Amino acid sequence: MFYREAGEFKTSYKADQATFPIRFDRIFFWSVTAFAFLVVPFLINDYWEKAVFIPFMVFALAALGLNILTGYCGQVSLGTGGFMAVGAYACYKLMTAFPDLNMVPIIFLSGAVTAAVGILFGLPSLRIKGFYLAVATLAAQFFLVWLFNKVPWFYNYSATGQITAPERTVFGFAVTGAAAQPATTYLFCLAFLFVFAWVARNLVRGRIGRSWMAIRDMDIAAEIIGVNPLRTKLSAFAVSSFYIGMAGALFFALWQGAAEVTEAFGINQSFMVLFMIIIGGLGSIFGSLVGAAFMVLLPVLFKNIFVGAFGWPTDLSQYLQLMLVGGLIIFFLIVEPHGIAALWRTTKEKLRLWPFPH
Amino acid sequence: MAFFDVFFWEVVVSGLLAGVMYSLVALGFVLIFKASGIFNFAQGVLALFAALTLVGFQTGQVPFSHLINAVLGTNIQHWGEGTHTFLAIVLTLLVMIGLAWLIVRLALSKLVNQEGIILFMATIGLAYVLEGLGDIMWGADVKTLDVGLPTGPSDTIIDATGMFVEKLEIAAAIVAVLLVVSLTIFSQYTKMGRALRAVADDHQAALSVGISLETIWWVVWSVAGIVALVAGVMWGAKSGVQFSLSLIALKALPVLMLGGFTSIPGAIIGGLIIGVGEKLFEIYLGPMLGGATENWFAYMLALVFLLFRPQGLFGERIIERV
């Protein structure tokens, strides 16, 4: 009834190419944003912050990054965990080396460091493709984790080998450490996610995003029509690693507060983010967010059902959860290989025609 | 020359034998990749599952006992003394074949004609399902597996050369050779083997001459399940049946990259190169770098190697057209 473009007349190209061409979508988007920024901070408590919102936002940022690389540029990467570790350790080193620095530039710089590392490990992509590249990125994953484990300089020679986030502030509010309020950390992460989702959305429909997609669809053809594969692939690695590095920094500094590299940034983390973008939808910004929400909320839900409602032992619920996640992945791939984002698109098409299906 | 003393050769031999173990896992990958173009990430978990099932049958565990106890409040663990090793192996083989049927029937047959990456993801999902299933069915504790394989260092080799070589690893090498020979015979000289190669060559052409894709996939996954059982038994006898067994699948990936995804000899030789390289690097250069280089050396070696030869040692040449 309300969801249709009939009666909305576009008078400029700008309006025609808007991300949300339908008024209902725009209203919906801005009300969700307003709710997230203005209402949630007053309601949030510690449990919702640490178990739902912060994990969601951290993984959404990582999923955005991986989606740029895998979904838009077609380079499969299994090194996400390793790159998140780079972001986290860069963040830690910067936090301890420059105690007076504001948290915002620290997160940006962590992203930049990760981008540099990403370019380095992106170099093989110029020669290796497909599965071979996926396995090559495993080299990054294992090497980086090993490096942070073995070189004491990275964890400031602490006896446990752990890194712990000291207290840092933004505009006088503590965002890391024990004194940080749930609302502050929530808003801090949300601001990052909001800005960078917007940046990603505009990157992928601009010149650079189109060259990524050209390389994804057929790299040789793209090269022949004048897309420089070196610059395109490496820029995808750089931007993707930038996002993933920021996600890693937020993961460590705001969410966990302390991290041990083999536990926090193992290969499972890489798969987790990969699942997010597959379930959400490869090559879709909305899909990255939905996928992250799905994979973060599912375990919370299962835990509440199995342990909370049925009273089963936690280990059992954990295995059941593994099975269900795996089963759901297969189910989604069979039903809709392009993820929830594609399902959502079909729903929208149907909504436009509703109540007349033809 | 200090490098060429007994110790050096001992490292080389133990590397070669470790490489055989990697090859065993890599073989399962190659079989499935050749026949269906599926990059089967679940191979390692398949090995873990096979080993868990074998131990479960041997010791007479009740499947799903943990779940049943949690739901019904009972306390059942075992249903008797357990079965004879031989019978347990036969039962496990049957389970693996049934599992292969389920996998093909429920998941893969519905994913025909999808892109490789989607199939790859599906096998990761499968890996999760199997891991959860294995843990729920048989419990997650570390189990010891004893199928009567010889253990301990081999005395004859110590007497002859002074090298310290595990009997178990020699047994693994012999088994690997037998496995490769029988697989070769199976694929070259049987009717089913010929159909299998036909499918590997060209799905459509094979379908058009009346070969059932689903049956072939079932056979391939069963064979991969059997190979997984062999790998699971070897690794399980070496280091106990536990979750880390599924991680050897990751080690098999660089082996595949070196050898090429489509070559059975490649899987063996790749495994040997990785095994020896990793051991030598760890022993002679590892201490300088802080140790535990085994975690990443194989991947780096494969990465560097691929830069010069993107299709691996024995892989089919990659020809790309627009």
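Cβ atoms here come from the backbone N, Cα and C positions, even for glycine.
In TrEMBL, annotation is done automatically, which means it is predicted and not curated.
Remember, it's a predicted structure, so these values are computed and weren't measured experimentally.
Over in TrEMBL, the protein carries these features:
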TRANSMEM  B:6-33  transmembrane segment
TRANSMEM  B:45-64  transmembrane segment
TRANSMEM  B:84-104  transmembrane segment
TRANSMEM  B:116-140  transmembrane segment
TRANSMEM  B:170-187  transmembrane segment
TRANSMEM  B:216-235  transmembrane segment
TRANSMEM  B:255-276  transmembrane segment
TRANSMEM  B:288-308  transmembrane segment
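Across B:45-64, B:170-187, B:255-276, stretch B:45-64 shows the highest tally of CB pairs under 8 A with the transmembrane segment (B:116-140).
Sequence-remote contacts of a segment are chain residues at least 6 beyond its ends whose Cβ falls under 8 Å from one of its Cβ atoms, and for the transmembrane segment (B:170-187) they are 16-17, 20-21, 23-24, 27, 31, 149-150, 154, 193-194, 196-197, 223, 227, 230, 234, 238, 264, 268. Outside the transmembrane segment (B:45-64) by six or more residues, the chain places 25, 28, 76-83, 85, 87-89, 91-92, 95-96, 99, 126-127, 130-131, 133-134, 136-139, 143-145, 147, 224-225, 228-229, 231-233, 235-236, 241, 243, 245-246, 248-249 with a CB less than 8 A from a CB of the stretch.
Through the fold, the transmembrane segment (B:255-276) approaches residues 12, 15-27, 29-31, 33-34, 39, 176, 180, 183-184, 298, 301-302, 305-306, 311-316 of its own chain, all at least 6 residues removed from its boundaries and within a Cβ separation under 8 Å.
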